[in-house]
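Features reported for this protein in TrEMBL:
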{"type": "TRANSMEM", "residues": "B:20-40", "note": "transmembrane segment"}
{"type": "TRANSMEM", "residues": "B:47-65", "note": "transmembrane segment"}
{"type": "TRANSMEM", "residues": "B:71-92", "note": "transmembrane segment"}
{"type": "TRANSMEM", "residues": "B:104-129", "note": "transmembrane segment"}
{"type": "TRANSMEM", "residues": "B:149-168", "note": "transmembrane segment"}
{"type": "TRANSMEM", "residues": "B:196-220", "note": "transmembrane segment"}
{"type": "TRANSMEM", "residues": "B:232-254", "note": "transmembrane segment"}
{"type": "TRANSMEM", "residues": "B:266-285", "note": "transmembrane segment"}
């Protein structure tokens with residue numbers, strides 16, 4: 001009897017050992033590297049507060065996963081693909097970083113995703129806009145979580161065309177992201193029966209937009225669309241207001257605006273602008289509760305990127321817990337198999353190209369009279385179902401999709 | 001309608017106007033740089049940061065004390081100017097007489113520290129500052145809609161530029177200044193307090209930058225990083241005009257505003273580079289700058 005018992009226990013023990021050997025957490029530590037613009041143009045939309053969101057997720061998760069500790073390292077990518085690449089390489093090759101999170105400038109993301117693929121580590125992209133990240137630049141080693149230029153164009157541009165804005169003047173930031181957005185917008189405008197009369201590319205960054213606004217005014221287009229981001233967008237909107245662009249009957253459409261941009265502009269200058277967002281802090285009790293906690297720590301309301309960092313980190317840690325592994329492909333598969341239902345997304349799912357598909361929202365900036373507080377800025381006008389918002393797989397150029 | 005290279009003349013006149021307005025900012029900023037370099041031989045890389053401080057200060061004293069635009073236009077440059085005098089007294093003075101590279105590195109370091117610290121406190125999205133009530137709206141000139149505020153920018157900038165030129169070139173104080181930098185020992189001998197004169201000159205140059213910042217606050221996004229981009233352009237303007245030439249800095253500033261404005265119409269992608277292109281050409285043909293004295 002005792003022998004059988006001993007045998008049985010040792011059999012179980014060895015089975016457990018084998019199980020542990022197959023799926024284990026390297027160095028008994030899950031190490032997350034947070035790489036983002038911490039000091040430049042894109043600081044406020046992700047930046048140091050994004051790291052706070054990441055740390056909130058780890059704390060809420062309990063600080064450890066299956067007994068392994070969770071560590072965070074962070075670095076400023078300075079919006080430079082070169083600087084970001086050398087940091088990423090050091091992290092994954094020498095410092096055992098398992099996941100790179102944050103990732104804001106599209107050029108940085110594309111550079112880092114190649115390093116992740118070479119080393120078979122995982123990256124979760126929360127800040128970048130270019131839809132090419134999960135299209136021609138897709139890898140089996142990264143996930144694009146919050147939004148991209150495809151739904152930005154789909155949401156805002158199609159809404160504006162349907163309201164009667166048929167002829168378009170596009171003001172584009174002259175670099176990869178602006179070009180991608182301009183392309184996506186042109187497609188949507190033409191599909192909906194509109195016409196792009198002129199697209200002017202301005203240098204990045206530009207502080208004085210008066211010359212471009214004057215060109216937009218004299219073009220006579222119904223819609224003046226801004227395919228730029230950050231300070232370029234806020235500067236252009238301020239100047240458009242000063243030159244009375246909307247008073248003369250033209251519609252101003254900003255294609256990428258973050259909550260922090262709208263907050264900087266204020267309801268007075270930004271009122272009425274339509275925009276597409278992946279998330280807004282004041283949508284329901286769940287989003288408000290999380291945002292209150294975030295605000296306690298940071299003093300500001302979270303952008304969609306902050307919320308996405310929290311949500312994706314949770315999703316990642318849950319996958320590590322379920323599989324007992326921090327190997328990139330194991331975790332990625334588990335993340336793809338698990339629908340995302342939290343304060344950030346409902347029934348979100350990750351496709352094989354790495355795109356996290358979830359509902360997007362068409363919002364309109366409130367008037368100063370409607371806005372009850374400093375951060376009470378958006379009215380959600382329409383929910384755009386995820387399948388409609390994102391590029392369908394049938395149009396995908398991603399190597400992971402076309403091979404199948 | 002008459003056209004030039006496919007662009008209606010009306011549009012071009014509008015762009016000419018805007019070019020002059022932007023040029024007015026360049027003129028104010030390059031004037032401060034030219035004063036500081038011409039009289040003190042300091043390459044002031046903190047000039048962009050001082051412009052930023054002027055704008056930030058305008059917004060912050062409004063938020064904290066409700067100081068209105070007109071008062072801020074005077075107070076913000078004075079506050080920043082005093083800060084400049086402190087910098088000169090405690091830091092720049094210690095490297096006086098050394099190679100130019102020392103002042104360049106020191107002021108560049110100061111600029112980075114100011115920008116970094118303020119970014120940490122205020123972020124980069126920009127602070128809100130609304131247009132003063134009386135400047136809301138604008139006039140229709142027939143070929144363009146000119147906001148009142150932009151018209152005011154030209155008037156204010158040109159007045160300040162002219163006053164500065166007049167003071168340095170035509171008054172007794174100006175002659176002391178020029179003489180003091182030419183031969184400080186001799187001036188000391190005449191009983192002039194040259195170190196004080198130098199502190200005040202640096203403070204004045206910084207004030208000009210801060211004034212441009214205060215003037216920019218209602219129309220540009222006010223943030224800790226606003227000075228870093230404009231700095232290099234303004235340096236190019238000073239080089240084109242001739243290092244140290246006061247009138248040259250002002251005239252070149254206005255000219256470059258117009259050149260940049262037209263580039264934005266004919267080849268917008270090149271508008272960030274056109275001033276540097278002009279700089280290269282000028283340096284090749286006339287190395288001392290358009291208005292510089294032949295070295």
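Using the three backbone atoms N, Cα and C, a Cβ is placed for every residue, glycine included.
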Query raised in the report: What stretch of B:47-65, B:196-220, B:232-254 shows the most Cβ pairs under 8 Å to the transmembrane segment (B:20-40)?
Result: B:232-254
Requested in this report: Run the contact check on the transmembrane segment (B:71-92) against the transmembrane segment (B:232-254): 3 or more C-beta pairs under 8 Å, excluding pairs closer than 6 in sequence.
Outcome: no
Query raised in the report: Is the count of Cβ pairs under 8 Å between the transmembrane segment (B:149-168) and the transmembrane segment (B:47-65), pairs 6 or more apart in sequence, 3 or more?
Result: no
Query raised in the report: Which listed range (B:47-65, B:104-129, B:196-220, B:266-285) shows the maximal number of Cβ pairs under 8 Å with respect to the transmembrane segment (B:232-254)?
Result: B:266-285
Query raised in the report: Looking at the stretches B:47-65, B:196-220, B:266-285, which one shares the most CB pairs under 8 Å with the transmembrane segment (B:104-129)?
Result: B:47-65
